Amino acid sequence: MELWNFTLGSGFILVGILNDSGSPELLCATITILYMLALTSNGLLLLAITTEARLHMPMYLLLGQLSLMDLLFTSVVSPKALADFLRRENTISFGGCALQMFLALTMGGAEDLLLAFMAYDRYVAICHPLKYMTLVSPRVCWLMVATSWILASLSALIYTVYTMHYPFCRAQEIRHLLCEIPPLLKLACADTSRYELMVYVMGVTFLIPSLAAILASYTQILLTALHMPSNEGRKKALVTCSSHLAVVGMFYGAATFMYVLPSSFHSTRQDNIISVFYTIVTPALNPLIYSLRNKEVMGALRRVLGKYMLPAHSRL
């Protein structure tokens, strides 16, 4: 195959799921609604956690970071996909593709680590409540947040630079929602088998320890909750943890399929559906899962909405 020479004006064509869909207008409307829901729900949750003194606790600081990651993650993908579909122009520059890949990998990697830290936070709060302010002090909490962002950024930078260094062929079409490693490697004009193996190994190394830590934490939490004398305490512990486990299941299920399963298990349609799920659906659902079952968060949201909405109505 003739190599595709990248010039300043060259780029890829993101075919994406909208163009391959049987009902693209309906899917476009659905993605728009989910994106607006993600912006609104995550934005409100961040506002409540930032402004409400009662939520200035490690648990809610971590939850706020999760909302920030979800907000940025979906914003990396959704506006571009919707704008391309409406303008009927699906091009993305080489630099734009690299930037989108870097940001998506950063958000995904940071969320992977943050979910493990959130499980640790819940483990300490329920299993060792008397040591909570020592083991999960504000300093420790910010260290967890910084670790998530820094490690994810470094990993994403390495992946992005190595993926984009390959020569690509004239077949520029990326049949995917966004610039990600698996679909891009299909366009490479070089042997990528070793790199694909490295991506698989690194995916396992990055995802599996975090998932194992989460499962270990919640096993201990479940055992502790079952021995609690108070039904109210047991119920509160299980409700809090069930919300987190729902988020973990959605995120790790999609990430495992995309980056851990061998390429023989992948198809273009499946990859697109999975990508829509973890870049658009999950960020819209995460704040709802956490807030609807948490009385403190719901109370803070009501106070925030009352504070910012009622004055506006009174002026009308």
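A Cβ is built for glycine as well, from the same backbone N, Cα and C atoms used for every other residue.
Residues annotated as transmembrane segment in TrEMBL: 26-47, 59-78, 98-120, 140-162, 197-216, 237-261, 273-292. Per TrEMBL, domain 'G-protein coupled receptors family 1 profile' is recorded for 41-290.
For the transmembrane segment (98-120), same-chain residues at least 6 beyond its ends with a Cβ under 8 Å from one of its own Cβ atoms are 59, 62-63, 65-66, 69-70, 72-73, 76-77, 80, 92, 136, 144-145, 147-149, 151-153, 155-157, 159-160, 163-164, 178-181, 184, 206-207, 209-211, 213-214, 217-218, 244, 247-248, 251-252, 255, 278-279. Averaged across the domain 'G-protein coupled receptors family 1 profile' (41-290), pLDDT in this predicted model comes to 85. When each of the listed stretches 26-47, 237-261, 273-292 is scored by C-beta pairs under 8 angstroms to the transmembrane segment (197-216), 237-261 comes out highest.
Within its own chain, the transmembrane segment (26-47) is flanked in space by residues 17-18, 63-64, 67-68, 70-71, 74-75, 78-79, 81-82, 85-86, 276, 280-281, 283-284, 286-288, 290-291, 297, 301, 304-305, which lie at least six positions past its ends and keep a Cβ under 8 Å from the stretch.
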